[in-house]
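Asks: Quick paste from TrEMBL:
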COMPBIAS  A:14-38  compositional bias 'Low complexity'
REGION    A:1-38  region 'Disordered'
TRANSMEM  A:49-69  transmembrane segment
TRANSMEM  A:75-95  transmembrane segment
TRANSMEM  A:102-120  transmembrane segment
TRANSMEM  A:126-149  transmembrane segment
TRANSMEM  A:156-178  transmembrane segment
TRANSMEM  A:198-221  transmembrane segment
TRANSMEM  A:252-273  transmembrane segment
TRANSMEM  A:279-299  transmembrane segment
TRANSMEM  A:306-326  transmembrane segment
TRANSMEM  A:332-351  transmembrane segment
Amino acid sequence: MTAHAPHSARRTPSRSAAQPAAAPAPEGPAPQASRRSASSFLRRPETGALMGTVTVFIFFAIFGGAQFLTTGGVASWLNIAAELAIIALPVALLMVAGAFDLSVGSVVAGSSVTLAVVSGTYGMPIIVGILAALAVGAITGFVNGFIVVRTSVHSFIVTLATQFALAGLTLGLARVLTGSTSVSLSPDPFWKSAFGTLINGQFEVAIFWAIGIALVVAWVLQMTKFGNWIFATGGDNLSARAAGIPVAKVKISLFVASGLGAALVGIIQTMLYNGAQTGTGQSFVFNSIVAVVVGGVLLTGGYGSVIGVMLGCLTFAIVNQGIYYTGWNSDWAALILGILLLAAVLMNNTFRKLALSSGAPKTTTRKGH
Amino acid sequence: MSVPLLKLNHVSKSFAGVDALSDVSLEVSPGEVLCLLGDNGAGKSTLIKVLSGVHKPTRGSVEVEGRPVVFDSPKDAGDLGIATVHQYGGTFPLMSVARCFFVGKEPTRGVWPFQYFDKKTAAEITVREMQKLGITRVTDGDRLVGSLSGGERQSLAIARAVYFGAKVLILDEPTSALGVKQATHVLRLIMQARAHGLAVVFVTHNVTHAMAVGDQFAVLIHGRMADDFRKGERTREQITDLMAGGEAMADLEAELAGLTGSGNS
């Protein structure tokens with residue numbers, strides 16, 4: 001929200017002009033400008049997420065030693081964060097619109113295996129394999145969305161079902177078609193460099209994909225009409241429908257986007273590792289939710305930001321990788337993540353309450369609820 | 001008298017054979033406030049849903065400006081200028097007031113795919129329209145709706161409906177969740193809308209609020225029109241009695257008198 005600062009600055013004169021004695025300014029009139037910016041920073045939904053990222057970074061910078069801060073160390077968590085972000089960003093949009101997608105794990109595996117089978121086992125051009133892999137994501141997303149919208153069964157259950165079904169389908173078909181659970185592929189240099197190369201031998205090209213997707217998603221969510229529809233759909237489905245928003249289309253297209261994000265990671269992994277495993281990607285199911293929620297997206301929908309989700313992915317990746325640099329047993333990483341998730345949610349709730357009380361002398365907001 | 005803006009002719013609505021509304025006829029004209037009174041479960045919400053296009057009547061017809069219409073969705077009703085504002089304003093607590101004001105009708109700039117939601121214009125219009133309704137405390141379009149008071153949220157929703165050209169404003173229990181001062185503000189808004197020539201359907205179970213602003217009254221009991229009268233034709237006691245079921249109220253009266261002083265708050 002870069003437009004915010006000049007915007008409010010410009011408004012300040014009209015604010016005092018249009019505000020007679022009737023409505024007392026919430027904060028004293030004189031230091032208002034400076035206090036407003038400080039307090040509006042505290043009220044930004046991303047503040048909690050930023051504090052989380054900074055905290056874990058400092059923690060592992062201290063306990064992880066010099067290794068954690070080398071380019072190799074930085075690359076290790078940036079790579080994890082990037083792949084996670086490609087999945088978590090569309091999952092976050094979906095969560096803002098009030099739905100879950102637990103099928104991303106199987107979509108990663110399914111699309112990854114599809115690419116390897118189509119272009120590896122059957123020797124088709126890579127582009128055909130890529131399109132087939134993306135189709136796996138898009139179709140799974142569409143099926144998820146269609147069932148959720150039509151049956152009004154909760155998305156948690158619907159996508160859990162497709163998560164299992166697609167995992168089984170991937171495993172079964174891989175065995176039937178290739179006789180193995182591991183399918184190899186040797187991509188040509190062009191496709192390898194587009195999806196699966198290591199820049200400087202350390203940084204995955206996925207980092208650029210993640211940044212690009214973050215920019216697109218941020219634009220969609222903050223700057224477009226569709227973004228407003230996403231917030232409204234998750235904020236109050238009935239009111240959104242009454243306002244003429246095609247909530248079914250919004251949800252289905254977001255499920256498709258989520259499937260495409262997961263399929264892209266499937267493609268990236270296949271290119272990176274020169275092959276696919278049927279069991280790959282399952283950790284993304286809960287990791288994406290952890291990242292999104294740590295990033296300040298409201299689990300019940302209606303609230304969230306791209307910056308928050310990016311910070312959530314970084315926080316997750318720093319903890320996930322940082323633990324190796326401490327020399328401690330990596331078993332402890334999951335414990336830290338669990339505590340972090342809980343702390344992040346509690347902190348986000350606090351910041352959200354602050355945001356809802358912004359500037360009001362005394363609110364009667366929740367009265368009567 | 002002019003052609004009524006909105007008219008119901010002998011409307012019935014049944015769900016699985018059970019009548020939620022039977023044979024209800026109503027009309028409301030520009031610059032008039034129709035108060036729809038009834039106790040909980042009297043069929044007020046069903047009636048609102050018929051008026052706002054959520055439900056289609058099982059029997060009977062709806063007319064807008066003299067022409068019979070069938071609403072397939074709330075959007076159809078909205079397109080004909082019928083706006084419904086629900087108890088909590090039908091708003092989104094975690095959205096900014098500007099986003100909420102323009103939800104579903106976002107002003108855009110630029111050409112696709114670079115078309116964007118013009119939030120600056122949205123914020124300016126929202127603040128201006130709310131100021132018109134006396135909400136001077138909201139000076140920033142980025143304010144979250146959740147930080148507004150109940151009365152301010154109602155104002156936001158009413159401002160929105162009026163701005164987008166509503167001719168009929170259906171207000172579903174707009175005052176029931178509010179304190180006295182804020183309820184007064186909402187009643188003032190109703191009078192303002194009336195003065196602007198809107199037809200207002202004010203749904204409430206609060207007889208005092210209804211009598212303060214109503215031109216016409218309709219009392220619903222068990223889905224039927226129990227009474228139908230114009231301003232000044234009934235006393236408050238008569239209306240309250242009717243709503244509560246007449247003689248049952250009389251029995252309670254003595255008991256309540258000792259506890260609360262009178263029948264209403």
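Note: Cβ is positioned from N, Cα and C throughout, glycine not excepted.
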Asks: Counting only residues 6 or more past its boundaries, what in the same chain has a CB within less than 8 Å of a CB in the transmembrane segment (A:126-149)?
Replies: 99, 101, 103, 106-107, 110-112, 114-120, 155, 158-159, 162, 166, 185, 187-188, 191, 248, 251-264, 266-267, 270
Asks: Cβ pairs under 8 Å with the transmembrane segment (A:75-95): which stretch of A:102-120, A:198-221, A:332-351 has the most?
Replies: A:198-221
Asks: Could you check whether the transmembrane segment (A:198-221) packs against the transmembrane segment (A:306-326) - three or more CB pairs closer than 8 Å, residues at least 6 apart in sequence?
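Replies: In this chain the transmembrane segment (A:198-221) contacts the transmembrane segment (A:306-326) - 3 or more Cβ pairs sit under 8 Å.
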Asks: Report, as numbers and ranges, every residue of the chain located at least six residues beyond the transmembrane segment (A:49-69) whose Cβ falls under 8 Å of a Cβ in that stretch; write 'none' if there are none.
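Replies: Counting only partners 6 or more residues beyond its ends, the transmembrane segment (A:49-69) has Cβ contacts under 8 Å with 294-296, 307-308, 311-312, 314-315, 318-319, 322-323, 325-327, 340, 343-344, 347-348.
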Asks: What parts of the chain pack near the transmembrane segment (A:306-326), using Cβ distances under 8 Å and only residues at least 6 beyond its ends?
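Replies: Residues 45-46, 49-50, 52-53, 56-57, 59-60, 63-65, 67-68, 73, 76-82, 84-85, 88-89, 92, 210, 214, 217-218, 221-222, 287, 290-297, 332-333, 336-337, 340, 344.
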Asks: Counting Cβ pairs closer than 8 Å, which of A:102-120, A:156-178, A:279-299, A:332-351 has the most of them with the transmembrane segment (A:252-273)?
Replies: A:102-120
Asks: In terms of Cβ proximity under 8 Å, which residues at least six beyond the ends of the transmembrane segment (A:332-351) contact it?
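Replies: Distal contacts: 42-45, 47-49, 51-52, 56, 290, 293-294, 296, 298-299, 312, 315-316, 319-320, 323.
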